[in-house]
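The annotation domain 'Glutamyl/glutaminyl-tRNA synthetase class Ib catalytic' is assigned in TrEMBL to 5-107, 190-294.
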Amino acid sequence: MTFITRFAPSPTGPLHLGHSYSALLASDMAAAEGGHFLLRIEDIDRFRCRANWEEQIYDDLTWLGLTWPEPVMRQSSRVSTYEKALKTLWSQGLLYPCTCNRREIAAAAGAPQEGVPLHGPDGIIYPGTCRHVSERSGPIPQDLPLRLDIEVAARVVPDLFRTAAQPYTKTAVFEETGAGPEGETGPVTFTADELRDTIGDVVLSRRDMGTSYHLSVVLDDAAQGVTHVVRGQDLFEATPIHVLLQALLGLPTPVYHHHKLIRDDAGKRLAKRDDARAISKYRADGISAEQVRAMVGL
Ligand code: GLU
Ligand code: ZN
């Protein structure tokens, strides 16, 4: 099997040191395996993405010495694929509309013992307010956010949580060759109940987008034939939802390699808008691509 990986930035700001680590590592791993390094532009958020940032991405990555096959996949050109997948899930009764805003979700989630509502990969875990009141039949609603009913999904998904002997309680697994935030590596297992309790009913179709990060990423990785996903540890927690979506949509699950996050001098993760560590800034300051490599430990 040919090793295929990708770097999938969103053109919402300048790439910084953390991005250079992610892209260089993925490209190095592909080269070491005699495989391919692909680029994908994650531009589903049309309010935050800008053409000039996309141009800057190509520029920065080229300066770093990276190459990738053309044409580059851009999520904005894949709307019909996302629509089709949503229709499939809708027709199985796995989605429901929900217009609850952040404030309503926080209020409904309440404050458990420790005083902070439980958080999942998308923020506060949705308490399920609309799960049993929203209409799930008829044509798929347009322009309404749609959530995945994770418990029903876990019950109907073929193979992931079920065997003939265990129709729901089987443990799902994905292979991790890097590490999660707690050092999770090797086969990482999770149960349907853990999915429900630590992730909840995530939004699969956002208003104004007609998709979401979770839905697009699994469809695009499959369409690009990605065998190894190399990305930051901050996305480790979202991986079980990706594995569930792959099973629901009949897509293969790649191997995952979550890598360390590059931190600033105070130990804080680099923010998207950390312009001080923008690749273009180092470049303007006369730093070489080799020096950037050394700075991130490659
Ligand atoms: N577009 C995502 C980001 O900019 C990366 C998604 C992924 O690698 O799965 O963080
Ligand atoms: Zn709601």
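Here the Cβ of each residue, glycine as well, is placed from N, Cα and C on the backbone.
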- Average model confidence [pLDDT] within the domain 'Glutamyl/glutaminyl-tRNA synthetase class Ib catalytic' (190-294): 93
- Could you give me the DSSP helix, strand and coil counts for the domain 'Glutamyl/glutaminyl-tRNA synthetase class Ib catalytic' (190-294)? 50 helix, 17 strand, 38 coil
